[in-house]
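Just below is one structure, and these are the notes that go with it.
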Amino acid sequence: REDLWVRGGCILDPEKLFFEERRVADQQRDCGGCILAPGFIDVQINGGFGVDFSQASEDVGSGIALVARRILSHGVTSFCPTLVTSPLEVYHKVLPQIPVKSGGPHGAGVLGVHLEGPFISREKRGAHPEAHLRSFEADAFQDVLATYGGLDNVRIVTLAPELDHSHEVIRALTALGICVSLGHSVADLGTAEKAVQSGATFITHLFNAMLPFHHRDPGIVGLLTSDRLPAGRRIFYGMIADGIHTNPAALRIAHRAHPKGLVLVTDAVPALGLGNGRHTLGQQEVEVDGLTAYVAGTSTLSGSIAPMDTCVRHFLQATGCSVECALEAASLHPAQLLGLEKRKGTLDFGADADFVVLDDSLHVRATYISGELVWQAEEARP
């Protein structure tokens, strides 16, 4: 029970190895009593280390590669590069340059792009530039295709379900295997429930950029305890557990109401890892002061500068949940959201050998992808 067996990038059933192949391990590694956990999956990250995924350039791939490499030290083995509301030419130029890609020594794997906007509410646009927001035209799905220029590399789309024609768009996207998330929205609970009945499965950063909970109409937040969801359908919801975006009491309320749906996201902006000063997020300028990022000149929060391992530790401390619970919110739950739970977010037999080695305080000591060591803390090196 204390061993994890790996071969060919996958986790093995040791019984079959012993009894059918009569083999023992070729190599053994002593993890020194540390915790072994599935690699973290970040389904909402806008950039980091000076790279802005929502900026068009001739070489988007090198920026993706830089972030993919740097997040290994935070235990992230797979991620969804996220684009905020942008002009059409940005989508058309950037999206073809972000293919799905397996992880390895070069960096974390790319699971597909998360498109957050531009089909969102003006009132709850947050840090999204108003000039580039859109509503759906009469031929709604064709409008979506024209806006993004194609959906080949897309894994998640965040939209506001109260927009006209949104339900036909949700049905069309989910038919293509794309996860639809509800966010940046003034939808009431009834509208949100209809969106889930049409196929939506995720809520983008719960509590942020949506109507506040009200006892007579709890809005999108009410989906956590709704009794009008399709049978067998689990709703997932993202939370930015950076100590800034959500009060610890709100984190506890959400977790206690629906623990199995909670997905930790960083919503990290290009300023991640850079410190105080002015940075970008798509078409906007962002000002970082301490642990907080604002749209420059305003008090509007603009994403987070906390990496995933920090979010896991804060979530554990704020909720008092078990260590397993905190780790699953960053691994198993995002994998389940994307339908990848047979391969990612688990240490079950047959899964990809993407895992992290953590000390008891959940600081990352080493990161492995496909059973290969891809990052190690300096003091852990021989």
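Numbering starts at 1 and runs along the chain as it is shown here.
Here the Cβ of each residue, glycine as well, is placed from N, Cα and C on the backbone.
Annotation source TrEMBL lists domain 'Amidohydrolase-related' at 35-374. In the predicted structure, the domain 'Amidohydrolase-related' (35-374) carries a mean pLDDT of 97.
Here Glu116 (Zn(2+) binding site) comes close to Gln44, Thr82, Leu83, Val84, Thr85, His128, Thr158, Gly183, His184, Thr204: these same-chain residues lie at least six apart in sequence, with C-beta atoms under 8 angstroms from its C-beta. If you look up TrEMBL, you'll see Glu116, His184, His205 marked as Zn(2+) binding site.
Counting every protein chain shown, the Cβ of Asn208 (substrate binding site) has 18 other Cβ atoms within 10 Å. According to TrEMBL, the feature substrate binding site maps to Ala127, Asn208, Ala209, Arg216, His245, Leu301, Ser302, Gly303.
Residues or ranges marked as active site, proton donor/acceptor by TrEMBL: Asp267. The Cβ of Asp267 (active site, proton donor/acceptor) has 30 other Cβ atoms within 10 Å, all protein chains considered.
Sitting within 8 Å of the Cβ centre of Glu116, His184, His205, and not among those site residues for Zn(2+), are the Cβ atoms of Gln44, Gly117, Ile120, Gly126, His128, Thr158, Ser181, Gly183, Thr204, Asn208, Ala209, Asp267.
Cα separation, Asp267 (active site, proton donor/acceptor) to Arg216 (substrate binding site), rounded: 30 Å. Summary: among the binding-site residues (Ala127, Ala209, Leu301), the fewest other C-beta atoms within 10 A of the C-beta are counted at Leu301. Separating the Cα atoms of Gly303 (substrate binding site) and His205 (Zn(2+) binding site) is a whole-number distance of 10 Å.
Cα to Cα, Leu301 (substrate binding site) and His205 (Zn(2+) binding site) are separated by 12 Å.
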